[in-house]
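Working notes, beginning with the structure itself.
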Amino acid sequence: MTAPHKVAFPARCAVNICYDKHLCSQVFPAGIPVEGFFEGMVELFDADLKRKGFDGVALPAGSYELHKINGVRLDINKSLDELGVQDGDTLVLVPRVAGESFEPQYESLSTGLAAMGKWLGRDGGDRMFAPVTSLTAAHTAMAIIAMAVGVVLALTLRTRTITDSPVPAAMAGGIGVLLVIGALVVWWGWRERRDLFSGFGWLAVVLLAVAAACAPPGALGAAHALIGLVVVVLGAITIGVATRKRWQTAVVTAVVTVCGILAAVAAVRMFRPVSMQVLAICVLVGLLVLIRMTPTVALWVARVRPPHFGSITGRDLFARRAGMPVDTVAPVSEADADDEDNELTDITARGTAIAASARLVNAVQVGMCVGVSLVLPAAVWGVLTPRQPWAWLALLVAGLTVGLFITQGRGFAAKYQAVALVCGASAAVCAGVLKYALDTPKGVQTGLLWPAIFVAAFAALGLAVALVVPATRFRPIIRLTVEWLEVLAMIALLPAAAALGGLFAWLRH
């Protein structure tokens, strides 16, 4: 005989609502803020009065508030339980007036601390002073393992630069295999502990990548770096597929983006001795292309389906069937619509799947924007060549790229993408100022004063933009002007980058 199921009901509170000369009893939830049902309560009260033949609530919407019977205003952002309202209490619906809401006063410090502690610990734990739990111990252990892995990595790379022996690679690979075994044990035994699996997995990927890079003979170079970066990309993709968490997907995408760019640079350096400036120019152009392709790549990764075309009569106009390309639909005839078993049954994803795809698209976009923003300062550093014949052209290329990064941020609705691009552009500006300051002759004026003034002016400009742009509604002509300036900057950037990289000279000769 099975035990009966227990059903939990939300806490309720029966109160009397008084308005003018009318009194009505209503039952409200006691555990949610009053704001959630306040407007509905007024509408029900108004309908009840009109049903009984009275005039109803004469106050306009949004111009009333609740008071206790003694005239104390109630804060509708809090629940009835937090406000101390009990069953049988009378609340008065009155016009809104100026003033502050009621706040409970405590006669002693101990009473106030006790009440605050009770509120902080209402979810089952004291959030003011978090105790040491098993989760804390596990995360501390992972931090200790990460410290040990860092020491092993440093010693492995140091030893590999000195000797061509396979011992460093074997040592790093052996410890990496142990971490892989630990990740598999967590995956099989405690599948819900994604944090431990991620910790073991990322540390194992780093160790195995270093081991793979150190294994081939010869002095460490571009070929060794390419091998290690490929291992990191494969390991990151494996972790992302296994965990399927939103933040983990963003981290994996950022790692794959950065390592993919570095792998492309290493592959070029394997076959041709390309200068750092030329590589940096190519990276800058590639970063702009990646930013423009971010939505397309995210949609491709998430496998977003085309929209479903229906009619207001409820009959499908177009539908997709199994075996058709994802970007095509077929018209649905009346005979097909009446047949329940026809092969034109629409297979478009429903609401839950669309929401999951949207989260995946957002995570991929965040990762790509973060990865590109991490590479941008290094690329700007490589492009700039102070006190060289074409230094002004390099400065122009870097400045146009930074400006395009900032303007591209307005194309992303989510905050993390835009913030990542703007922060990456700002870091690139600081990197450029730092390179010019370090390259100038040692002196107070050129090495400190002018760079500090420039950085301070740039920060002040950023603060002014942050205060003005979000609160201002710009006219269409201004937005159109910004778009045209962005197009002109792109048109000027490509020839300047080609001239700086020597493409025109190479074509001429």
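For all residues, glycine too, the Cβ spot is worked out from N, Cα and C.
Model, not experiment: these values are computed from the prediction.
Marked as transmembrane segment by Swiss-Prot: 135-155 (among others).
The transmembrane segment feature in Swiss-Prot is assigned to 170-190 (among others); the stated evidence is sequence analysis. Long-range contacts of the transmembrane segment (170-190) within the same chain: residues 145, 149, 152-153, 156, 196-197, 200-201, 203-208, 210-212, 214-215, 242, each at least 6 residues beyond the stretch ends and with a Cβ under 8 Å from a Cβ of the stretch.
Taken from Swiss-Prot, the feature transmembrane segment covers 196-216 (among others). Counting residues 6+ beyond its ends, the transmembrane segment (196-216) has Cβ neighbours under 8 Å at 138, 142, 145-146, 149, 152-153, 156-157, 160, 166, 168-170, 172-173, 175-177, 179-180, 182-183, 186-187, 190, 223-225, 227-229, 231-232, 235-236, 238-239, 242-243, 248 in the same chain.
Taken from Swiss-Prot, the feature transmembrane segment applies to 222-242 (among others), supported by sequence analysis.
According to Swiss-Prot, the feature transmembrane segment maps to 248-268 (among others).
The annotation transmembrane segment is assigned in Swiss-Prot to 281-301 (among others) on the grounds of sequence analysis.
Feature annotation from Swiss-Prot assigns transmembrane segment to 364-384 (among others).
Within its own chain, the transmembrane segment (389-409) is flanked in space by residues 277, 281, 284, 287-288, 291-292, 373, 376, 379-380, 383, 417-419, 421-422, 424-425, 428-429, 432, 482, 485-486, 489-490, 492-493, 496-497, 499-500, which lie at least six positions past its ends and keep a Cβ under 8 Å from the stretch. Under the heading transmembrane segment, Swiss-Prot lists 389-409 (among others).
Swiss-Prot lists 418-438 (among others) with the feature transmembrane segment, giving sequence analysis as the kind of evidence.
Residues 426, 429-430, 433-434, 436-437 of the same chain, all 6+ positions outside the transmembrane segment (449-469), place their C-beta atoms under 8 angstroms from a C-beta of that stretch. According to Swiss-Prot, the transmembrane segment annotation covers 449-469 (among others).
Per Swiss-Prot, the feature transmembrane segment maps to 487-507 (among others); the stated evidence is sequence analysis. Same-chain residues lying 6+ beyond the ends of the transmembrane segment (487-507) with a Cβ under 8 Å from its Cβ atoms: 277-278, 281-282, 284-285, 288, 383, 390, 393-394, 396-397, 400-401, 403-404, 407.
If you look at the transmembrane segment (248-268), the same-chain residues 6 or more away from its ends with a CB under 8 A from one of its CBs are 194, 198, 222-223, 225-226, 229-230, 232-233, 236-237, 239-240, 274, 279, 283, 286-287, 290, 360, 363-364, 366-368, 370-372, 374-375, 416. Residues 187, 197-198, 201-202, 204-206, 208-210, 212-216, 248-249, 252-253, 255-256, 259-260, 262-263, 266-267, 269-270 of the same chain, all 6+ positions outside the transmembrane segment (222-242), place their C-beta atoms under 8 angstroms from a C-beta of that stretch.
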